[in-house]
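Features as listed in TrEMBL:
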TRANSMEM  46-65  transmembrane segment
TRANSMEM  72-91  transmembrane segment
TRANSMEM  103-122  transmembrane segment
TRANSMEM  191-210  transmembrane segment
TRANSMEM  216-236  transmembrane segment
TRANSMEM  341-361  transmembrane segment
TRANSMEM  381-405  transmembrane segment
TRANSMEM  417-438  transmembrane segment
TRANSMEM  469-492  transmembrane segment
TRANSMEM  504-529  transmembrane segment
TRANSMEM  549-572  transmembrane segment
Amino acid sequence: MGLSSTTDDSTDLKLDETSLEVSHEIKYKGVKVMPFIIGNEMFDKLGGFGIGANLLVYLTTVFNMKPITATNLLNIFSGTGHLGTLVGAFLSDTYFGRYKTLAFASICYFLGMLVLTLTALIPNLHPPSCQKGSSKCAEATSGQLTILLSGFGLLIIGAGGVRPCNIPFGADQFNPNTESGRKGINSFFSWYYFTTTVAVMVSFTVLVYVQNSVNWALGFAIPTFLMFISCLFFFVGTRMYVMITPQGSPLTSMAQVMVAAIKKRHMHLPDHPWDSLFAYISSNSINSKLPYTDQFRFLTKAAIITPEDRMNLDGSASNPWRLCSIQQVEELKCVVRIIPIWFAGAMYFVALKQIHTYVVFQAIQSDRRIGIGNVKIPPASFIIFSLLGFSICTAIYDAVMVPLLRRITNREEGITVLKKIGVGMVIAPIALILSGVVEYKRRTMALSMPFVGTAPSEGGISPMNARWLIPQLALIGVSESFAIIGQVAFFYKEFPESMRSFGGSFLSCGAAMTDYMGSSLISVINRVTRDASGRSWLDQDLNKGRLDYFYYLVAALGIINLGYFLVCAKWYKYIGTQGKDIPVAAPMDEINSKHHPV
C-alpha cells in the first residue's frame, strides 16, 4: 500500500486564449505532499466519525429526545449534508477551486464540532439529566436547540465542501500523464480508504467508549481536537499543493443542453444525425469521445445547427445556450441513463439505514455484558461488526472470487458492476428478515423473563445477549461490500472523465434522498401503527413496540426495489457499447461554407 517513491514529473499545459498560447508549467510534488494530505484525511475522519458515531445516543440521553425525534433529526442532518455536496462541487468547479473550498469547509467542520462539544461541556447548553424513575424528562429549551442546530449547520457546510473535494484534491497532486503519477494516484486511493477504515474502527470503539462510559464532553473534545490537527496538516502544506484553476461545472453544460433542446423542440432531426450535428470538441476537454446514441432524441436537437447559430474562431458555439455539441448532449444522456439505477441504489440505502439506526436501540435494550467483570459494549460500537463483515467479504471477493469468476466469464473484473450491485441487493432483504427474527426473540425474552436492567428510555433490558445482533450486522456488511463498492465503481466508470467529481456528488445526493425518505417512512409508520394507547411499532420502549414488523416491511420494500433494479439493469446500456461515431467538427472555414439540414 506504500506510496510510490518516484519523483513526480512536471508537464506543460498550453492554453489557447484569443489566438495567444500561454505556457504554464505545473510542478507536481506528489509524494512530498502526501504526509499533509494523508495526515489531514486521517485526523479529519477520526474527528468526523468520532462525533457522528454516537450522536443518536447523545440526543436521546443528553438532550432527552424521543428515539423517533432523534432519528428524524439525524436523517435530515445527514441528508442535508449529502445534498450539500452538490452545492460544494458546483462552487468548487465553477468559482473557488478545490483548495479554497476545502480550506473554508474544514474550518466550518471544526467550528461545528466545537459547538457540539460545548453543548456537552456546559450544563446550561443541554437539558438536566433525567431522574431515575421519573416518568417525564425535561426537554431542551429553544435556546439550547438553536445552539445544537447551529452546530449541525456548520457541520453540514463543512461536509458539503469536504466530501466532493478531498479525493480529487489528493489526486491533483500527481501527474496523471506519467507512470509514476498514475501509481501515486492509485497509492493515494489505497491510503485514503485505509485511513477511513482505521478511523471508523477507532471511532466506534475507543471514542464511543469514552463518550458512553467516561464523559460526553471529553468524548466530543477528543475528535474536535483531532479535527483541529487535521486543519493544521492541511494548511501547513499550502505552499506545496497543486491548485487546479476552476474549469466550470458539468451542471452548466447540462443546463445548456436542456435549454438549447427546449428552444429547438419544434425542429426535426435529420435522417442521419450522426453525419450533420454540431461535433465540436474542445482541445482542453479531458473526456473520451462519446459515440452518438439514438436514445432521448429530444436532447439531440440541442446539437442541430441552424443559420442563426454563430461560431467562434476556435470552432465553439458563440451562444452555448442555443447550440451545444453532440459531445455535450451524449454526456447528458449518460446522466439520464444512470438516473433509474441511481434511484434503485437510493432505495437500497433506505433499507440499510434502518438496520444501522435501530440496531443501536436494540443493543440498548439487550444484555451487552461480556467477559470477566461484565464489561458492557457501548450500543453504537456494534456497528463495527458491519464494518468487519464488509472488510472480510471485500478481501475474500478480491483475492478468491474475482480470479475464479474471471476464468468463467472472461471479464477482467469478474462480473459486471450491475451484477455486483444486484448481489448486494439480494442479500439486504435477507439481513432485514434476520433482524426481524432476532428482534422477535429479544422482545419475547424481555416479556417472558426478568429484566437485567433498565434502559435510559425506561424500557426493560432483555436478557437476550446482544451478541445475537452480530449475524445481521455481518450480513449487512457483506451486502454493502457488493452493493456500495459496485455503485462507486458504476458511477466512476459510467460518468465521462470530467464529470466524475459530479458523479461523486450524484451518489451523495442519492444518500440524501435516502435520509429524507427514511425519515418520512419512520414518521408514516409511527403515525399509521399508533393504537389507542399511543403505542406504535416504533415505540420508544421497544418491548412495547413491534420493531420486528417494521423490519419485515422494509424487507418487502427491498424485494420490490430489487425487482425494479433488475428491470433497469436489463434496459441499461454501458457507456460506449452502442452508437455511431461522429467525425470531429471541421475547421471553421469549412463549417461556415456548408448548409446543415434543419
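Residue numbering: from 1, along the chain as shown.
Backbone N, Cα and C atoms are what each Cβ position is placed from, and that goes for glycine too.
It is 381-405 that, among the stretches 103-122, 381-405, 504-529, 549-572, forms the most Cβ pairs under 8 Å with the transmembrane segment (191-210). The recorded stretches the transmembrane segment (216-236) and the transmembrane segment (72-91) do not share 3+ CB pairs below 8 A when only pairs 6 or more apart in sequence are counted, and are therefore not in contact.
Residues 71, 73-74, 109-110, 113, 116, 119-120, 126-127, 129-130, 137-140, 144, 148, 155, 159, 199-200, 202-204, 207-208, 211-212, 216, 219-220, 222-224, 226-227, 230, 357, 360, 364, 378-380, 383, 456-457 of the same chain, all 6+ positions outside the transmembrane segment (46-65), place their C-beta atoms under 8 angstroms from a C-beta of that stretch.
With a cut-off of 8 Å on Cβ pairs spaced 6 or more residues apart, the transmembrane segment (469-492) and the transmembrane segment (72-91) reach fewer than 3 such pairs and are scored as not touching.
Long-range neighbours of the transmembrane segment (341-361) within the same chain, counting only residues 6 or more positions beyond its ends whose Cβ lies under 8 Å from a Cβ of the stretch, are 56-57, 67, 71, 74-75, 379-380, 382-383, 386, 418, 421, 424-425, 428-429, 431-432, 435, 469, 472-473, 476, 479-480, 483, 487, 490, 506-507, 510-511, 513-515, 517-518, 521, 542, 547, 550-551, 554-555, 557-558, 561, 564-565, 568-569, 572.
Listed by sequence, the residues of this chain that lie at least six past the ends of the transmembrane segment (549-572) yet keep a Cβ under 8 A from its Cβ atoms are 337, 340-341, 344, 347-348, 350-351, 354-355, 358, 418-419, 421-422, 425-426, 428-429, 432-433, 435-436, 439, 521, 525, 529, 537-538.
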